[in-house]
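Undergrad: So Swiss-Prot has the following annotated:
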- 456-463, 506-510, 560-563: GTP binding site (BINDING)
- 56-75: compositional bias 'Low complexity' (COMPBIAS)
- 76-87: compositional bias 'Pro residues' (COMPBIAS)
- 88-125: compositional bias 'Low complexity' (COMPBIAS)
- 138-151: compositional bias 'Low complexity' (COMPBIAS)
- 241-254: compositional bias 'Pro residues' (COMPBIAS)
- 269-322: compositional bias 'Gly residues' (COMPBIAS)
- 323-332: compositional bias 'Basic residues' (COMPBIAS)
- 447-618: domain 'tr-type G' (DOMAIN)
- 56-355: region 'Disordered' (REGION)
- 456-463: region 'G1' (REGION)
- 481-485: region 'G2' (REGION)
- 506-509: region 'G3' (REGION)
- 560-563: region 'G4' (REGION)
Amino acid sequence: MAKVRVHELAKELGITSKDAVTKLQELGEFVRSASSTIEAPVVRKLRNAFPDAANKAAAPAAPKAPAPAAESRPAAPAPGPAAPKAPAPKVEAPAPAAPAASAPAAPQASSAAPAAPSTGAKPGARPGPKAETPAPAPRQGGSSQGSSAPRPGGPRPGNNPFATSQGMPRGRGGDGDRAPRPGNNPFATSQGMPRPGRSDGERPGGPRPAAGAGGPRPGGPRPAPGAGGPRPAAGAGGPRPGAPRPGGPRPTPGMMPNRTERPAPAGAGRPGGGGRGPGRPGAPGTGGPGGGGGAPAGGGFGKGGRGRGGTQGAFGKGGAGRGKQRKSKRAKRQELEQMSAPSLGGVSVPRGDGNTVIRLRRGSSITDFADKIEANPAALVTVLFHLGEMATATQSLDEDTFALLGEELGYKLQVVSPEDEERELLSTFDIDVEAELEAEGDEELEPRAPVVTVMGHVDHGKTRLLDAIRNSDVVAGEHGGITQHIGAYQISHEHEGVERDITFIDTPGHEAFTAMRARGAKVTDIAILVVAADDGVMPQTVEALNHAQAANVPIVVAVNKIDKEGANPDKVKGQLTEYGLVPEEYGGDTMFVEVSARQNLNINELIDAVLLTADAALDLRANPDKAARGIAIEANLDKGRGAVATVLVQSGTLAVGDTIVAGTAHGRVRAMFDEDGQALDVALPSRPVQVLGLSNVPRAGDTFLVTSDERTARQIAEKREAADRNAQLAKRRKRISLEDFDQAVADGKIDTLNLILKGDVSGAVEALEDALLKIDVGEGVQLRVIHRGVGAITQNDVNLATVDSAVIIGFNVKPAERVADLADREGVDMRFYSVIYAAIDDIEAALKGMLKPEYEEFQLGTAEVREVFRSSKFGNIAGSIVRSGIIRRNTKARISRDGKIIGDNLTIETLKRFKDDATEVRTDFECGIGLGSYNDITEGDIIETFEMREKPRV
């Protein structure tokens, strides 16, 4: 199926394009305007959203009941005796008469009908069945003179070619004189001269016979008066036989193909139909009150329901009865709002009442805000400019800027939190994780292993404790003995005679990895807080404790390094009591276990304490019989296997071949491995596994879920990526106020250090970025991370650094082949680090080096004026004695008298020792000092010399 545009589909469904675009956006589709193209699945979604409109569009047009019967009728009725009068009861017949009720009217045609030539549809007419118009019944109440006189041909007076009554009126048997011609108004309901012979202005004539049915006549030309069928003379008692007009029939609007109108009930018609005479009541089956016999429902030659003057008019304008098109209520309301809206900065914008709540996503732009309040984005840019902020209409803004704009305009702006944004995103795909958990019954839940996080200060022995638990050696693989990323393992332990599984997550303790440690607290069931017995509570210990308490996670304290000299476990217990962790022996509920990871002491007791806490305080159950849900613990880019993510399954079962989406990455699970590298087919709840097959590297802490198809996973990942990109742009936006803008332009462009970060795992790269962005060395230098990624440094990274003059920072990675040579040729600076301390120190030093130097005044010496010598060549010369320091030539000087500065920013232009020029004069020596053109020198003045020196940065 070819792609269709939104407005085409909206027209097909019978809805407005705006409603279609709004519904598609509510369904989670990215549609910019009504001209956007959408694919077949999206078309089906929109059709399902409007089932009534879709059924109406799919159904054919309502068939016109009389059409098949009319097609089989002869062109003219059979000759018969003329009916002098139409049956009177039919005038009073109700409008919604059945089609069969009008059938007897057909034999009442004029006897002169056979003499009329058969007039069929012209070649240009729209094909369709058409019942020929029979001869009209004789009119009542008129004179009988001239009953069989044919209507003469020739040109007809009047210049309205579309009028239903043309030319001069014919005499009506002398019933009255001709009335004056009313004029030539193409929009009048009665065109041309009125017909004489009606003293009261009305025709009491009976109804015209219908064309065999009361419903609307199918398309086709109607015979023009006097051109086709017979037309009775005015006032005649019988029908007047018509004759063909010389030279062919005159074209009338009735000969034009009728436009398809909405079908009307048979015999109903519409009020105001254009009939042959003004105010003549229509018979059942005709066009309704005033309708012409056999015309479409509503009568007349024009569109149905337009009345006598309902044609397009002489100049192609709208027909009579419509008049000037009125504005809709919405247009009037908008105009009134624009007129009454207060003006700010020369523009008018709609304002709220102070309580109007507007919800925006993170990283929204002024255009998004303008769409919410139906305002012009350019006007909001002007308002923001007058508020002292500079931004473009499509630039992502932070929450503070939106709060400033909303407060000025009377709106309460609410920025959607990441959790709500994620929930709304998944709801567009009919995914509700919280509802799934609430709907699960007890019979569906099965016990699962507890997830334990090891937290604590750096170098307090967390990883070595896990080594003792796993009987492995992980510390040797960490740079500097510091854990750089999260590791997840699962062990089996016999507890009370039962084999129990426990999942451990090791989180780094370095202060730069706060975000990673916080993620570890979000996914865990129990936290083991490791505290060294010799060091006690440290800053990162308190931070880890706060993370665990904020996540409402039970805590088991492991007092490590009890085998070292100076260990004092009681001191640790006393310190932790201040933070709400009271040991059981002190009457609290927190379990403390004294262990030694190096000596392998009390390791089993620690595991038993964890299991006891889990059984006593937690209900660890999950439903394995559903699609998997979980969290990405860590991710990296492997050279041979591609993107590898370590995920923790929290509920459901993850199997090979499932389609998953993790953050901004999506794909199909190609393979799964455990912590020992063994391949797995399925992963049950609380099981950490390595997953292969993702499109890119997800971030540590991103949630993952299994979707029904790959298309859904791709759309979720793309929308997450767009939201994250906008949020990052808003967060990194440099706010420049109008007060600082002129100064920034005068001083030059603000210096920016561009960085490209590459690392071995995504969590380490993100932690490094957060640590670098916290460096603050002043307002004149800005740090900007233009790209970050996982894996080796590639040529694309070097090319990007060349364009943006960036520095590449490699964290536990090296450049790929021939990349180092390319970087040397392009002059790109690449730095490689394995410990985060060195990276932070070097970047901070580089930022300080980019700052403009700051100078401070340094005093050199002072001299007292003893005598003033006047010289015509050099001006006044101060004969002085140096009281302190050194007096140098060409240095800055100032003169003070009685403690007040009388001359500043002077220069010592001449300095002499007796008659010889001197470069400098030291303390207690006499000299002559010349200050150039400055001559206000007297005895007793103090000359102070100084120089500006660059201030060293701390």
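A Cβ is built for glycine as well, from the same backbone N, Cα and C atoms used for every other residue.
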Undergrad: LYS462 (GTP binding site) has how many other Cβ neighbours within 10 Å of its own Cβ?
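TA: There are 27 such Cβ atoms around LYS462 (GTP binding site).
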Undergrad: If you draw a 10 Å sphere on the Cβ of GLY456 (GTP binding site), how many other Cβ atoms land inside?
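TA: There are 28 such Cβ atoms around GLY456 (GTP binding site).
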Undergrad: Just jot down the residues in the same chain as ILE562 (GTP binding site), at least 6 apart in sequence, with C-beta under 8 A of its C-beta; none if empty.
TA: ALA533, PRO569, GLU594, VAL595, SER596, LEU601
Undergrad: Please report the number of other Cβ atoms within 10 Å of the Cβ of ASP459 (GTP binding site).
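TA: The answer is 17.
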Undergrad: Through the lens of DSSP with three states only, how would you label GLY456 (GTP binding site)?
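TA: Looking at the DSSP assignment, GLY456 (GTP binding site) belongs to a strand.
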